[in-house]
């Protein structure tokens, strides 16, 4: 990438809209816009002060034809998104005007921006670190208010500041180690070793606290793949419709009605769920239904959360028990439906298999128990880990991997101190931990990883 050239891209989503925006960033931004913009006073933009919006027209310099009526804003660096000069052209929405203006900007000397290049320049120019850059993408793709809040907190530097504090502790440890190595002819005194050991254990705790939020953070960021399973006609489709609050699945008294997979995205108490209603699991000779059953089993194995539906009005069968046995080691919730009918289901064998799983009795037709289901789902996600109110969550798999490597290294360092191994060994472990943490903020990350991260951004951001 050439950081000294000027880039341009459409910054708004494609399609019809009230406004479309073409963004330009670089040292020649004002020079390029002067070639194609004329204000109502027949002035070029460089004649106006920075940080104001100017009304006028984009003019094709070859034909002198008006391309569109626009509002243009000019922001002089370094106090801009990229820390470079930025020009934004607000034109009429729709593909034709924004496409024509972008083509004109490129024709007079700008280069088409790569995906995420504006944000990448903000990172390379030191306005934000890598964790903050990734938070911008999370803000755009947030599925819930909680996801948005966590991403905004990360953009404001909550994670970066915490990581920086831990790295400072590691640097302090390195300084003590290097001083001791410089005076290697003297034995390292117990006071110095005690100090290093206490610091090392403190860093372990700091990193572990961050890692403890990672499972919840991943769910907040990416959503929870939730599969509803059970025999045919137990109420799986009714549950999907009740949670979505509209009729998405066909509900009949005929077993095997749902033959395909029905998927809905919804937000339950701040948790983004990808809720999947599957074909009823049973032995069948129907070819189409059989395919649906096989797909149900595949999704069952891949799901983050399983909701098992049972019918309170029917006796427990071997088929039910086989399904229950499958969830023994999974995050799962058991729902007993049709409690408004005569009860025939014996819960004792179920409770013996899944002693730690929550069982909720509901009547979906009477709309009884739905709130309890939603509360149970939220409790299962947040149980034992980060709470919904927490803003500092590790949501990114890349960050989690870096933290795990940092923790492994400092644990090795702690062991080396306890065993009174040569301090050169301790130094290597501390440095490895420090470097791993630096990957989160981009201080010690490889260039190809940076390129990969920004390729996932949209063009114009």
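Note: Cβ is positioned from N, Cα and C throughout, glycine not excepted.
So that you can see what the record holds, here are the features copied from Swiss-Prot:
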- 23, 88, 127, 461: (6S)-5-formyl-5,6,7,8-tetrahydrofolate binding site (BINDING)
- 233, 252, 254, 257: K(+) binding site (BINDING)
- 233-238, 252-258, 277-280: GTP binding site (BINDING)
- 237, 258: Mg(2+) binding site (BINDING)
- 223-382: domain 'TrmE-type G' (DOMAIN)
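Shown here: features listed in Swiss-Prot, placed on the structure.
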residue : record                                              : Cβ contacts under 8 Å, 6 or more apart
23      : (6S)-5-formyl-5,6,7,8-tetrahydrofolate binding site : 8, 9, 10, 11, 86, 87, 88, 89, 113, 118, 460
127     : (6S)-5-formyl-5,6,7,8-tetrahydrofolate binding site : 81, 82, 83
461     : (6S)-5-formyl-5,6,7,8-tetrahydrofolate binding site : 11, 116, 118, 119, 136, 137, 140
What mean pLDDT score does the domain 'TrmE-type G' (223-382) have in the model? 77
Could you measure the widest C-alpha to C-alpha distance across 23, 88, 127, 461, the residues recorded as binding (6S)-5-formyl-5,6,7,8-tetrahydrofolate, and give it to a whole number of angstrom? 19
